[in-house]
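Trainee: For reference, TrEMBL lists these features for the protein:
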{"type": "TRANSMEM", "residues": "73-95", "note": "transmembrane segment"}
{"type": "DOMAIN", "residues": "102-225", "note": "domain 'Phosphatidic acid phosphatase type 2/haloperoxidase'"}
{"type": "TRANSMEM", "residues": "179-198", "note": "transmembrane segment"}
{"type": "TRANSMEM", "residues": "210-227", "note": "transmembrane segment"}
{"type": "TRANSMEM", "residues": "233-254", "note": "transmembrane segment"}
{"type": "TRANSMEM", "residues": "266-283", "note": "transmembrane segment"}
{"type": "TRANSMEM", "residues": "303-325", "note": "transmembrane segment"}
{"type": "TRANSMEM", "residues": "332-353", "note": "transmembrane segment"}
């Protein structure tokens, strides 16, 4: 049996888990000490910026095809393959009995979101200039997307990864006929191409952004297909999963690169970081109760369509209530905890009393006294944004409720 690092509370992290966390912590230190983000940006950003500006004429020529039907079609298509859509779709996948597929697509989406947004903020390359490019932002989500940097296209990257994995899953656990494979590949290829065209037509990306997104997507998909079975086995059956994932989630927040100027990308990462942790924690607690391979599937005698509809009607309001309550609780509790520990904090949105006064050179941070405060005073006196913790907690709670609380309610209601 693999040796473990033992702490006072019992079995601790296994050696490989401790080594993995140490490696990430070492990377965080090295990236900060050697200023790797700025160095990488200096190498890549000028070339990408030139490419985006050079492609403006081609984008304008393409947008001469402007038509309201095309505006609506490509806007709807972008919404269907957007992160919020996947977020709403994945709970239904869990409750329909496809637990392994839902777990893998959730973790893959979090992985794609982290890597894609990290590259965006490392490169910090602009989107096509608008004007002269016409930018169509039909939803609030698209307006927020437009505030991010351009390369790579997250829509293209996520579509390649998630549709590619879905196709792999269907072929692996379903039929293997040559006709089905050809149809699946054709549909996946068509969707990726349409998404790429949509992002250019809507003025959200250049051709370089889209090609980079597709390229990164294939690399991430190939890596995930090589490790997904190991990841799933670890999540459902290994020891110290929750503590390891909590440490990893914390370190990944610190490992996230600092963009040239603030964008919503880090907020998206924090949300999916929380979702991944909530799913992993909930699965660890309830795998053998609700998520084994013999769980009833939708359209089976054990889970007819009417029962699934009942699950949706009960489950969606429940997870929204959990998200609301966890946000309210964390907005009160996290500032109190940070104040007790002497951790300097500010709030960019959620806690008005902690918002930064831009007229001051430094935010006023009340420091306590005592042993814990002296320990935290050894760290650099940087004010941390408590909104990051609040956002993480609310999305972790939402994800936990999807795989733990809500299935327990289904059991009590015989759904």
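Keep in mind that glycine also has a Cβ here, set from the backbone N, Cα and C atoms.
Map the listed features onto the structure and describe their local environment.
Mentor: Tertiary proximity for the transmembrane segment (73-95) is limited to same-chain residues at least six positions away from its ends with a CB under 8 Å from its CB atoms, namely 101-102, 105-106, 109, 113, 136, 138-139, 141-142, 145, 154-155, 158-159, 162, 191, 194-195, 197-199, 201-202, 204, 268, 272, 275, 291, 308, 311-312, 315-316, 319, 402-403, 406-407, 410.
Summarised by DSSP class, the composition of the domain 'Phosphatidic acid phosphatase type 2/haloperoxidase' (102-225) is 91 helix, 0 strand, 33 coil.
Counting residues 6+ beyond its ends, the transmembrane segment (210-227) has Cβ neighbours under 8 Å at 108, 111-112, 115-116, 119, 151-161, 164-165, 168, 192, 196, 199-200 in the same chain.
Outside the transmembrane segment (233-254), and at least 6 residues removed from its termini, the chain residues within Cβ reach (under 8 Å) are 4, 11-14, 17, 20-21, 24-25, 28, 103, 107, 114, 269-270, 273-274, 276-277, 280-281, 283-284, 287, 291, 388, 392.
Nonlocal intrachain contacts for the transmembrane segment (266-283), taken as residues 6+ away from its ends with a CB within less than 8 angstroms of a stretch CB, comprise 83, 87, 103, 106-107, 109-110, 113-114, 117-118, 121, 235-236, 241-242, 245-246, 249, 252-253, 256, 259, 291, 388, 391-404.
Below 8 angstroms of C-beta separation, residues 91-92, 95-97, 296-297, 394-395, 397-398, 400-402, 405-406, 409-410, 413, 415 of the same chain, each at least six residues beyond the ends of the transmembrane segment (303-325), sit close to that stretch.
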Trainee: Which bits of the chain, at least 6 residues beyond where the transmembrane segment (179-198) starts or stops, bring a Cβ under 8 A of a Cβ in it?
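Mentor: Cβ under 8 Å, 6 or more out: 74-75, 77-78, 81, 153, 155-156, 159-160, 163-164, 167, 170-171, 210, 213-214.
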